[in-house]
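*Asks:* My questions will all concern the structure given below.
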Amino acid sequence: MSLALDESAAPILEVREVAVHFSGLIAIASMSFAVPEGEIVSLIGPNGAGKTTAFNVITGFLKPTGGRVLFRGTDLTRLSSNRIAGLGVVRTFQRTSIFAGCTVFDNVLTGMHRQGRAETWGALLRLASVRAETGRMRAAAAEILAFVGLSHRAGELAGNLAYGEQRLLGIAIALAADPKLLLLDEPAAGLNPSETEAFMGVVQRIRDRGVTILLVEHDMRMVMTISDRVVVLNHGRIIAEGPPEVIRANPDVIQAYLGQGVKHAKG
Amino acid sequence: MTARLLPWLFVLVMAVGPLWLGDQYILYVLTSTGIFIIGAMSLNLLLGYTGQLSLGHIAFFGIGAYTSALLSLGFDLDLGGAEPFVLGPQPVWVAFLGGILVAALFGFLIGKLAFRVRGAYFVIVTISFAQVMRMVALNWVDLTEGPMALNNIPPLSVWLPWDGVIPLYRKEYNYLLVLAVAVVCFLVIQRLVQSRVGRALVALRENESLARSVGIDVTRYLVVATVIAAGMAGAAGGLYTHYIRIVDPDVFMFIYTVTMVIMVVTGGKGTLAGPIVGGLAFGILPEVLREVARPEVQWIIYGVAMIVVVFFLPQGIVPAVRNWFAGRRKRVAATALGLRKETSA
């Protein structure tokens, strides 16, 4: 698969020949793709194709067996996950991931960790700079909650939210970390159609704020509607890459998803 | 407003009440309970806020106690070199601070270790750590006097405008000193947990992967918490050693860690007031029971009380009381709303 991009946009993320082996089992054989800045790129493929593994490699939760991941030229494969987040590469999780025992507001405030400077001594002495910072962060957290539409739940314990609201909160926490590149791992999983509809709006508005998005999603309507570019993985290899309309017509993709039988059905 | 004043009112009552009662026995009970409450507060920072169960917490207490005792008595250390290292007696407050520092240093090492081994393994490592400390205290007779204990430890001293510098032999002064240190520790923990640092600690407890994914350096904050908790436990140990004025290897006994865990869990882990409420309840209960029941029965009642609290209030006393008040406020608000609807209809 070539790295060359036909579009003019410079890639914010480049995955180069990444391989992941779990003691003999090959999760990703060799994967290369690029994410242009400012776009929504979807990574799709059947279950077990290696999508979440790819996310784990990019965000430093898993060290690849080989290959490199470049974020604006910096190799991420050597960095710890919190350092990678500090560079502006932030992910959400496939399973709902929130700080269940904290209030919704504190969840977002915790997500803003990297934007604060206050350390132990500043906190103990309640320095003026620390108090000013707290004020700024609280205002920004309120703004993020309003953005995803959870302001009315700010004081509620996160664990008490409805499922769809928890998914939204997961995005709010990731947004609070001020991402340049946001990786969403099946954000619409388990949502009903109207919730998915609302979710697509949120994802598009995040892109409009200048955040590049890499999306893993099974809801094909969502993928085909909002993506600028789609990368298709199967058995740990990239089998197709391009704009949604091209991918939809690609016979390899149809075969990977629906199997051989589709030919007979069509014929 | 009342919520802000309430803690200070509590401190005032605790400062004046027992002195006004003037009973030496009550003062003794409250002082030793207060020392344990400081230990429990420091344990709560780890157990309640970062979610790490250290069952060797008494080690930091004991290290603080021994270090402070040794520095104030002076010691000579023969490590097999040509000349033994000799240190004369140091001023008590220097010794006290030294105890805090050495305990904090061990906290640093354990905090670093906590990230290599987690969960059940960490619990085992911390228990072993406390046991090893007990063995060292028991067997390094040249330094610690072993089972013969360190005796004649000088009390802490204080400068008073009307008396000058006086050693604190009297129970009243020791009691007030423990109360003052407890207040300082409470404020340190309060400011810490309500800050960005505290949110990072809670994030580690609630969801470590998510914490890392938003860029929180969990290793670092766990070490910060362990260092502060260990230093505080060391301060409690220093207070103990200069109050009781004798320290033997039994300070490292496992039962003392358990006592602190009981205080934290029954009071409400991860709450500021929890260790104080739990500490007062389970620190004073044995003394109250001593008046009314035979020794065997005392421990049965103690155990039953503990099981009842944990069974019916699994979150602890403080969260239960808080929820009860919140629930009542909601019900009152709901009734008021219902009335308004009725009148408008």
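Cβ atoms here come from the backbone N, Cα and C positions, even for glycine.
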*Asks:* Transmembrane segment per TrEMBL sits at which of B:1-20, B:221-240?
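*Replies:* Result: B:221-240 is the stretch TrEMBL calls transmembrane segment.
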*Asks:* Residues sitting near the transmembrane segment (B:93-114): Cβ under 8 Å, six or more positions beyond its termini, same chain?
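*Replies:* Answer is 52, 54, 56, 59-61, 63-72, 122, 125-126, 129, 156-157, 222-235, 237-239, 241-242.
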*Asks:* Could you tell me whether the transmembrane segment (B:246-265) and the transmembrane segment (B:173-193) have 3+ CB pairs under 8 A, leaving out pairs under 6 positions apart?
*Replies:* no
*Asks:* Report the listed stretch (B:25-47, B:221-240, B:246-265, B:299-321) having the maximum count of Cβ pairs within less than 8 Å of the transmembrane segment (B:54-73).
*Replies:* B:221-240
*Asks:* Take the transmembrane segment (B:246-265) and find every residue of the same chain, 6 or more past its ends, with a Cβ under 8 Å from one of its Cβ atoms.
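*Replies:* Residues 36-37, 39-40, 43-44, 47-48, 53, 55-59, 61-62, 65-66, 69, 127, 130-131, 133-134, 137-138, 144, 146-153, 237, 240, 274-275, 278-279, 282-283, 306, 310, 316 contact the transmembrane segment (B:246-265) from elsewhere in the chain.
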*Asks:* List, by number or range, the same-chain residues at least 6 past the transmembrane segment (B:25-47) whose CB is under 8 A from its CB atoms?
*Replies:* 14, 18-19, 53-54, 57-58, 60-61, 171-172, 174-175, 178-179, 181-182, 185-186, 189, 192-193, 201, 225-226, 228-233, 235-237, 239-240, 243, 256, 259-261, 263-265, 267, 269-270, 274-276, 278-280, 283-284, 287
